[in-house]
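Engineer: Summarising the annotation, TrEMBL assigns domain 'Arrestin-like N-terminal' to 13-153. If you look up TrEMBL, you'll see 187-325 marked as domain 'Arrestin C-terminal-like'. Feature annotation from TrEMBL assigns region 'Disordered' to 368-393.
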Amino acid sequence: MGNQQGSDFGGVYIRTDKPFYFAGEIITGNIYLNIFKDGYPGGVVLLKVSGKEKCHWTESYSHTTTGTDGKQEQHTEYVTYSGQTQFYQHRVAIWTFNTPCLPVGQYTFPFQFQLLSHLPGSYFEKGSDFQAKISYSVKAEIESYNKSYKSIKHSQPLVVREPLKQNMTALMGQMELKASTWCCIDQGTSYIKCVFDKNHYLPGDTAYLWADLDNSNCKLDVKRIDARLINYLTLRDKTGREKVITRTIVSQQIQGIGAGVKAVENDRKQIQLILHNKNSQDGIRPSSNGQLVRSVYRLQVQAILSGCVCCNKHPTVDVPIEIVAPVPQVYNQPMAQPSNWNPQVFQPQIVQFTDSTMYLKDQNQQSNYNYPQVPLAPPQPPNQFGQMQQPMN
């Protein structure tokens with residue numbers, strides 16, 4: 001159980017009760033500590049929670065130079081832009097052993113804390129020239145009072161699902177277009193109204209769309225009706241520079257109607273759009289609204305008019321939707337318990353994250369604790385974490 005570091009003395013393992021949580025939800029879990037050798041100079045059991053996002057992309061620039069022989073040469077320069085931020089990072093002491101060294105034994109420390117409600121959802125995507133990632137983890141760690149000893153630690157990835165901004169509801173949009181060809185020839189008006197069955201979906205769901213078309217005052221045929229799911233992925237580097245990647249994830253076409261014809265109410269058009277990304281083995285990625293990584297979706301229905309339509313304008317309706325992260329099918333691997341596992345179970349520790357529990361990774365992580373180089377006396381619990389619970393009988 002646990003990790004490689006500190007394994008000469010024992011190991012630690014952390015596990016949340018669920019593999020995923022919505023932002024704002026209460027997380028519960030346990031830290032399992034198995035110490036089988038005496039002498040490890042440490043005694044504070046730490047819970048660390050972190051969230052970070054990072055991205056990078058590469059752009060190419062071409063320019064022409066003139067050589068000494070007067071010939072022009074074409075050059076391509078590649079520039080990589082990147083950004084990274086640690087937006088969520090806390091640590092608290094779950095328990096402090098008042099002994100010079102970590103006592104031999106088996107221990108279970110239940111914990112509970114609440115995620116902030118505005119956290120962006122977990123996200124990962126890697127393309128040929130870009131990468132975007134929002135990730136979370138929980139970690140259990142026992143730091144050594146003596147820097148020559150490695151910490152005993154173990155971390156678990158945590159999937160955070162972005163909370164739905166609205167309750168599930170149908171969406172509606174409409175547009176009336178004055179059609180013209182060759183920039184000046186009036187062809188009348190074409191009207192479209194669409195109803196979308198929901199405002200958020202899981203990957204693999206079927207989106208049901210209904211379109212009322214009124215082409216009775218238009219001289220142009222509606223050749224076809226296009227429905228598509230469009231993703232807009234925005235990446236931002238450390239200077240604020242942005243790159244927007246626009247992709248049609250899935251599309252569907254159905255037959256249109258003729259000039260001077262209506263298709264409304266009982267004759268309205270219905271489209272079933274299966275939300276599946278055939279171009280990616282990872283499927284459709286969830287919506288996420290981070291500082292550096294932002295992925296949003298829109299459903300679009302477009303009535304394609306015949307002829308040379310000015311500025312390629314067609315009656316169009318599009319609405320914003322959310323793609324919700326699916327529930328992971330498998331939750332890690334089964335825990336391999338040590339032989340004769342019979343731990344002392346402590347009272348659940350309810351953790352409150354505040355400004356005083358924040359820390360930066362590049363800071364000295366032991367600065368909050370007055371650890372002696374050689375613990376000649378039992379260390380005192382850090383005052384900022386309050387009184388510790390007594391273990392359960």
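The backbone N, Cα and C atoms fix where each Cβ goes, and this holds for glycine too.
Those TrEMBL annotations? Automatic predictions, nothing curated.
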Engineer: Summarise the model confidence on the domain 'Arrestin C-terminal-like' (187-325) as a single mean pLDDT, whole number.
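Structural biologist: PLDDT averaged over the stretch: 92.
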Engineer: Taking helix as H, G and I and strand as E and B in DSSP, count the residues of the domain 'Arrestin-like N-terminal' (13-153) in helix, strand and coil.
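Structural biologist: Across the domain 'Arrestin-like N-terminal' (13-153), DSSP assigns the residues as follows: 0 helix, 94 strand, 47 coil.
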Engineer: What does DSSP give as the helix, strand and coil breakdown of the domain 'Arrestin C-terminal-like' (187-325)?
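Structural biologist: Across the domain 'Arrestin C-terminal-like' (187-325), the residues distribute as 6 helix, 83 strand, 50 coil.
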